[in-house]
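Pulled from TrEMBL, these are the features on record:
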TRANSMEM  10-28  transmembrane segment
DOMAIN    15-458  domain 'Major facilitator superfamily (MFS) profile'
TRANSMEM  62-84  transmembrane segment
TRANSMEM  96-112  transmembrane segment
TRANSMEM  124-143  transmembrane segment
TRANSMEM  155-174  transmembrane segment
TRANSMEM  186-207  transmembrane segment
TRANSMEM  310-330  transmembrane segment
TRANSMEM  337-363  transmembrane segment
TRANSMEM  369-392  transmembrane segment
TRANSMEM  404-427  transmembrane segment
TRANSMEM  433-454  transmembrane segment
């Protein structure tokens, strides 16, 4: 076991270096914006007063604040569209390194916005940090999925979910009033996104590039072999190199796909449908709605107002725990079981949660049931959909189609995140306690789709997965040769 730990040391360092500047930034920047909400709104009003001598109307303050929040997913959409071309031109590792330019620019804007008296700097900074996050999330998953051995590919590809959950928790901790949640410290809180970027810039250059990219995209066998030796910690990589050569031969003469071409090719029909259906379900399953209700439910359960922030921190910790558990389980039970089980449990807890919300004024113990459902729902989401969905673009598409698939998946996720954030307040006002009912339907549909249409990929090479998907996309071609024996009489005189 010690020998295996030593052999996997470089792979572990690669996971950490890619994660700290990748999905960690996503979770961190998603959560730190919550703590200084009131302080930033006051800053917007004070800035306008200093410029015009008049206060800004409340509805316009809310509009500017909504713009600051919503530009994060909009920037993520632009970053996701950049991820594919950059991953092909620069490579996976260099794309992650170059991405920190956006982080540095955003941190400078955040840090000096108060001194400059400009809330426009906050708006631009949130857009830039969104671009950075959208780009790094896609490239990180691609990089790790291509660098891991097939027996660990699922577990390694789950680590982005762990880093996203870790980012949420660290962001919640740093945003506490005792740390950087103080009214005067919010510029420093927002600018702290520079720290993970610096850590990545210091560590990632020392680690190898994706072996698949080096061999299949660049045709550099020596560099690929050197990367395999470092990542595996052994010189016995002949079998894996032969698999890569076979995959390279299958991709020979092909160019990198463009995103719109994925929708035009019948041979990718099952892959694209799975990517779109399950990617949409990830954002529309109701996880954000449960988080939105968390504070009010905790207050109803009798938790003092000053302690609610610590209870909310518990929900982020639950997601982190669930992501770690999923990383252990995925290579044992497979992708389909985690997805189906996760969505079914979410539907179950969502139903109980809705009932508890409706009856919380009738029974004194109902708020405690609702609080328990929040933790159970977040655990179910973390074990299944949160991490497994991110693996789909890596495993269902070959080397030439993978960057384009990540562009499609990233654009879809960030667009839905933007629309959900925009429409959620109206949905909450219109449906009240029945807010979760539409999300319940999404969870059930996602579980059904996974059960009937998503193939299991556990323990298979990329080439084996491609062949299986080809059979599913062209079922008639996989029925074997036609009958070549004597003529068969299909009818009688009767």
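Just so you know, glycine gets a Cβ as well, placed from its N, Cα and C.
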- Same-chain residues at least 6 beyond the ends of the transmembrane segment (337-363) with CB under 8 Å of its CB atoms are 278, 281, 285-286, 290, 293, 297, 300, 326, 329-330, 369-370, 373-374, 376-377, 380-381, 383-386, 388-389, 433-434, 436-437, 439-440, 443-444, 446-447, 450-451, 454
- Item | Highest-contact recorded stretch vs the transmembrane segment (62-84), from 10-28, 96-112, 124-143, 186-207, CB pairs under 8 Å | 124-143
- Item | Chain residues outside the transmembrane segment (10-28) and at least six past its termini with a C-beta under 8 angstroms from it | 96, 99-100, 103, 129, 132-133, 136-137, 139-141, 143-144, 147-148, 152, 156, 159-171, 193, 196-197, 199-201, 203-204, 207-208, 230-233
- Task: Quick one: find which recorded stretch in 96-112, 155-174, 186-207 has the most Cβ pairs under 8 Å with the transmembrane segment (310-330).
- Result: 155-174
- Task: Using a Cβ-Cβ cut-off of under 8 Å, list the residues of the same chain that are 6+ residues beyond the ends of the transmembrane segment (96-112) and lie near it.
- Result: 18, 21-22, 25, 79, 86, 90, 121-122, 124-126, 128-129, 131-132, 135-136, 139-140, 143, 187-188, 190-194, 196-197, 200-201, 204-205
- Query: Do any residues of this chain, six or more beyond the ends of the transmembrane segment (186-207), have a C-beta under 8 angstroms from a C-beta of it, and if so which?
  - Reply: 10, 13-14, 16-18, 20-21, 24-25, 28-29, 32-33, 35-36, 39-40, 43, 93, 96-97, 100, 103-104, 106-108, 110-115, 122, 125, 129, 174-175, 180, 230
